Amino acid sequence: MSSRRGGRGPPAPILAGAVRCYHCNQEGHIAKVCPQRPPQLCFNCGKPGHLKRECPETRREHHAPRDERPYRGREKPALLVEITGSETSTTTASNDDLSSHSAAATTDERRSGTAYMPRPLSPGEKPTSTAEDLKLSKFIDTHCHLEYVFERFRHQGTFAQFTTQHRYPENFEGCITTFCDPMAFSPSFGIWQSLLREPNVWATFGTHPHNARYYQSSSLEDKMLAGLSHPKCVALGEIGLDYAPHSPSTPEVQRSVLTRQLELAVQLEKPVVLHCRDAEDDLFDILSSTVPAEWKIHLHCFTGALEMARKFLKTFPNLYVGVCGNVTYDSNRVRALAAGLPLERLLLETDAPYMVPRNLPQHLRGNKFSHPSFAFYTAREIAKIRHMHVGDVLKSLRENTRLMYGI
């Protein structure tokens, strides 16, 4: 999950209709402009009072001479795949060195193994999908936040109505919505009960590391346990560690709350959904000392190094790594994860309403927020990176979802 952005903003306007705030549960305004919300911090500089796009630090950066700016766009190193016999490895080069991924390499480059060439498919990866298979391959978004999706899209109906309004494809089979904000646990909030009455919605409940400072409340865990006891709750999460500068909870508090929630997951025999940002080593150590090695774990929207991801996979044989829309961004690290990790250890997710894919078709490119059906475009990008048919990728990721969550 990504934290909500921006400052406190102006006084909440009165909107037409029975609009209800997800933060204070009062009518007349939305959570983004709720007067009861604490100041939010800028993702760029970590200071309150403005959004990242309004950050003065960003403005200074944009007006700096071109040769003094940090890597952006075409200047950022791009991932290449070196072919050396049957082994593959990764290196970096400027995007200016490549006109496209299909650019022909010189004879010397091919001989030396430094030219980009598509990785050949192994026998187990040869495309097997027919046109009908591609049309019918089912998929589930394994991580989203429907209460925030409804808020961003100003939707006040059911999820079924939302899927109809946004023309969800026939092969969309459902989603797992994550409730990790203490406000979402309140019985008066009500949205999680109504969402779980819908046949294609499942849920997870946990306290996000940003909200760890609120966990000392004795009633918070009781409310969270009420959600965890629901028959359609498939895991405890999103929990974890977030050491980013804008995180409102201290690392010490986060580690304590994470340990408590992991112990609770073992006690309740629930899989866990983990958030990790700039805290891979601490997360690994706490996991190793708290949960059994065979525990089912969803490492959500992981952006760490490939070597660290492999360490998690080797230590925890039932751990899966979530891939979301940022695989379509200019991020060599995330694309390297999608290419280098075993397909049978990946999960498909959106983290909606965040992480809008950049490979959307033309008629969808005006969307500022994502929603669960966009998981298909993440699968399409994974297929492109791995040189596979998207139908085969969807089939494999759907089976991984069944093994992880039993749905």
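From the backbone N, Cα and C atoms, a Cβ is placed for every residue, glycine too.
Any TrEMBL annotation is an automated prediction that lacks curation.
Database features, via TrEMBL:
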- 53-77: compositional bias 'Basic and acidic residues' (COMPBIAS)
- 85-105: compositional bias 'Polar residues' (COMPBIAS)
- 20-36: domain 'CCHC-type' (DOMAIN)
- 42-57: domain 'CCHC-type' (DOMAIN)
- 53-130: region 'Disordered' (REGION)
For the domain 'CCHC-type' (42-57), residues assigned helix / strand / coil by DSSP: 5 helix, 1 strand, 10 coil
Average model confidence [pLDDT] within the domain 'CCHC-type' (20-36): 75
Structural state census, the domain 'CCHC-type' (20-36) (DSSP three-state): 3 helix, 2 strand, 12 coil
